[in-house]
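Enquirer: Pasting a structure below so you can have a look.
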Amino acid sequence: MDRLSVSTSATIVFLSLIGVLFGQRTCTTTQVSYQTTSSVGYYSEPYSQNYGCGFWDWSRCSRTRYRSRTRAVYRQTAVYRTVCCSGYTGSRCEAVCSPSCRNGGTCSSPNSCSCQSGWTGSICTLPVCPFGCANGGTCTRPRVCSCRSGWTGATCSQPVCNPSCENGGTCTSPNTCTCQNGWSGDSCNNDINECAVDNGGCHHTCHNTAGSFECRCNSGYSLASDGRTCNEPPAVPRNIVVSNVGKRTATVSWVPPPNTFPNQLTAVSAYRICASQNQFQEGNRVVTAGQQSRMYEFTNLEEYTAYFFHVAAFNSFGEGASNDPIEATTLEAAPSAAPLAVQAFPNSSYNITILWSPPPEIDRNGVIIYYEIQLTETENGTEFQWTSPELTTTRGSLHPHFHYEFRVAAHTSIGTGPFSAVETVQTLPAAPTAAPTQLRVSNFDSSTIALVWEPPPFTDRNGDIVRYHIRVTEQETQTIFEYSSTSQHYTLTSLHPYYNYVISIAAETVGVGPFTTGLLQPTMESVPSSAPGNFSMAVVNSTSILLSWSELPLPERNGVVQGYTICLTNVRNGRDTDYSAVSGPYSIVNLHPDFTYRAEVAAVTVVGAGPFSSQIEVRLPEAAPSGPPTHFSVDELSPRSITLKWGYPLEEDRNGVISGFRVRFISNNFTDLEVENATITIEEVKPFTLYYAEVAAFTMVGIGPYTVRIRVLTPEDVPSPVSTTMLEAIQGSPTQLTVQWRPPEEPNGELLAYSVCCRESTQQPLCDCDSAISVSSTSCPCGDLEQDTSYHLQAMFPVGLPHVKVIGGFSPYTNYTCFMTANTSAGESSPGIPHSSTTDESTPADEPQDIMVNSLNSTAILIQWSPPHIPNGIILFYTIYINDSITFNIIAAYQNSFMFGWLSPYQLLNVRLSASTKVGEGPLTESQSVTTDESVPGAVDNLEVLVLNDRPSTSLGPPLSPMEY
């Protein structure tokens, strides 16, 4: 027989962050509700007619019959709802701003406005002037300033002058003008007479104009660029004197001319001084001196010659008149010029001839008696000096290819004149008389020798060296090689390694000089020129190989073979390892099993290794792994399962193909599990329990070492439900209840706290609160959490004894339903069985409502009201307080209205009310005023009649009281 359990309704809560769709606007869970409808379906069911035999009477049937049965078919419809976060509203959870954004601003986030251009502030009410408002101005609208008095412009930076500034004046601050030159006054309308002071600064005449003035010059003069000075050149300098006259010098001194209008234009800027051999001509001796000069010395005048001197002054208008000429004559002297056309030419490598012409006639200054010749050997500074009455001379016994400097001077009876400019002549070259010096050799490598030398001594070169001759003799073969070089170094290349060479050098000018003494120099060793032969490699075991080879032929060693280098390449990772061997064969151990290796060998001299042999490749057999798996860790962990993961051992530690892994899981005993992949999930573990695990890899040869054992503590889980044993009210404490409970049977972790969730029993639950629903520590479960907010977290208690607590925060005289939950770090347990209790009464929490006080007539009023919103118990009566300026009345009322009479007409009264329970009186209402109706007044009082100035006058007092009914 089929058994079918039917649920008429169900609620499924999916914890889904709708915030992914609307950013952070949707905070709560997405709720899915299902409404179930059913229909009837029919099917046939076999049954035994005789007796029951076996499980469900199916096995021993003597006769089988069929009967019709019905079953329910269910259909569910899902309804989805999304709830916005605080500060958002609408179907798309749009932000809410309170107060709302002004001036076109938009609400971009809760209570945060995004303002349009020109506005700012929390709700976009402050206008923005981007350039500011200066001088106390105020920004009243976007980009609009309201300026203070005296200022205007878009930013209140332009001052206002009233009246405005005239004649080009500028308003620089409110009602303050800055005038142009020539004007004054508050608005720049008063002309200034500049000519009244110091002739206006004019040279000749000053003429005043409106707002200005102008300078004018006398006839024959024009006005200068400064508008004040007339173009008047300076006068003749005074007190001109010629003194200190020598053979070629004379000194002229003077005093500046007078200046009647001193300024920069009329001031003397320079002086012009002339020395001429003709008193009527200026001549070629003209110089200019600065404005501060008062004296000038002429030099380089001609000896024994008459000169005429003139001085004139300059200013910005030109040159003034000069003085009458002053004559002076120079003295006699030695020749003032050197001989002309001085030259020389070499006759041979050892002598030269020098020839020249006399000085110019005007520079001889007398009769030339003889000529003095000076000759200097440039290379070593040796000097020669002699005289000749002729215009030519020859000098011998000189050095080949040396430079000689010479000069010639004329001599009169007074003295020797200046020497001619230094000229140079060089003797002819000759072959060197000595070999090069300081020959030095060095080896660059086994086939190269570098040569460096110095030229022959300077005195033995006898000319410019054009090249050097290099002679090299190879001793082993007695072969001679000839080379040449234009520099003082040379590199011999393509030499044979480890050979002896004899080297000598000679210099060449116009001929080849002697060679140096031969210098013996061997070449350096080199690397071997070929690889060892018969190279082979044999496998010894899974971790070692044996290499062997034959020695090099003697001609190919290029030196003494010091040993052999072996390059072993791990083909799998490309890593090279070098080994050194004195001779073969050679064994290499501690290699990696199942790795392929490639080897080659080369011979080594002191210089290095020669070429390597051809490579040989071999693969070693497998072995058990030599290292544990890597990165062993917990991948996923829950209270009821553990997932472990790891990586394969390092490549160099696998030693073959990994066939699988052995996992050792340890709790109270050892459990070994073998898997092919690098992960395993272990089910049915206990929450908050300590386990240990380790793993090892294995190949076909054997198993490798285990990893370091790791410690795994399963997470905590939520506890089992808490049983509430008592919920009672506390007499005299209307806001407190006493709760008592038992701890959960299965804590599933370390208990952190207990929570009490309560609601008013008058609110109907949306679900069966006895169902087991997971809750958090800040809200209580019951049905659809987003709709039923009747349960609230009332209190949280720390773990410990006793399991009884007093909880508060309740409303007086209210029935509450409460349940208990327990908390671990994993969360909160499902609710326990709820209990109900009613809190004690208290005084009303607020005053009576909807107070209305009305005047019925001139002697009575009517008071009406509603009960308090929060009575906190049964209202037994109301207290009414009525007073005027004299009397005070307190009245108890048991209904919601009261009429108060026996009052006076037109009487002002103040009324207040309060409600009372059995505990006491609640708060009073605000005072309300009422005035009874008016009535006719009483008789006039204090009537008096007086006679004033023979005329009667009447005086009345107010009535004693209003007329009473």
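Placement of Cβ uses the backbone N, Cα and C atoms for every residue, glycine included.
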Enquirer: Could you tell me which of Cys165, Cys188 is bonded to Cys179 by a disulfide, according to TrEMBL?
Expert: Cys188
Enquirer: In TrEMBL, Cys161 sits in a disulfide bond; tell me which of Cys147, Cys171 is on the other end.
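Expert: Candidates were Cys147, Cys171; TrEMBL matches Cys161 with Cys171.
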Enquirer: Take the Cβ of Cys179 (disulfide bond) and count every other Cβ within 10 Å, whichever protein chain it belongs to.
Expert: 21
Enquirer: Using a Cβ cut-off under 8 Å, which residues of the same chain at least 6 positions beyond either end of the domain 'EGF-like' (94-125) come close to it?
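Expert: Long-range Cβ neighbours of the domain 'EGF-like' (94-125): 25, 86-88, 141-143.
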Enquirer: Could you tell me how many residues in the domain 'Fibronectin type-III' (628-717) are helical, how many are strand and how many are coil under DSSP?
Expert: 4 helix, 47 strand, 39 coil
Enquirer: Using the alpha carbons only, what distance in Å do you get between Cys161 (disulfide bond) and Cys107 (disulfide bond) once rounded?
Expert: 47
Enquirer: Near Cys171 (disulfide bond) in space, meaning Cα within 10 angstroms, which of the disulfide-bonded residues do we find among Cys115, Cys124, Cys179?
Expert: Cys179
Enquirer: Would you mind listing the long-range same-chain contacts of the domain 'EGF-like' (157-189), meaning Cβ under 8 Å and 6+ residues beyond its ends?
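Expert: Distant contacts of the domain 'EGF-like' (157-189): 134-135, 149-151, 211-213.
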Enquirer: For the domain 'Fibronectin type-III' (531-623), DSSP counts of helix, strand and coil?
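Expert: Summed over the domain 'Fibronectin type-III' (531-623), the classes give 3 helix, 48 strand, 42 coil.
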Enquirer: I'm trying to understand the geometry here, so how far is the Cα atom of Cys107 (disulfide bond) from the Cα atom of Cys115 (disulfide bond), in Å to the nearest whole number?
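Expert: Per the Cα atoms, Cys107 (disulfide bond) and Cys115 (disulfide bond) stand 9 Å apart.
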Enquirer: From the disulfide-bonded residues Cys97, Cys179, Cys188, pick the residue whose C-alpha lies nearest to the C-alpha of Cys124 (disulfide bond).
Expert: Cys97
Enquirer: State the mean pLDDT for the domain 'Fibronectin type-III' (628-717).
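Expert: That region's mean pLDDT is 91.
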Enquirer: Distance check, please: Cα of Cys115 (disulfide bond) against Cα of Cys97 (disulfide bond), rounded to an integer number of angstrom.
Expert: 13
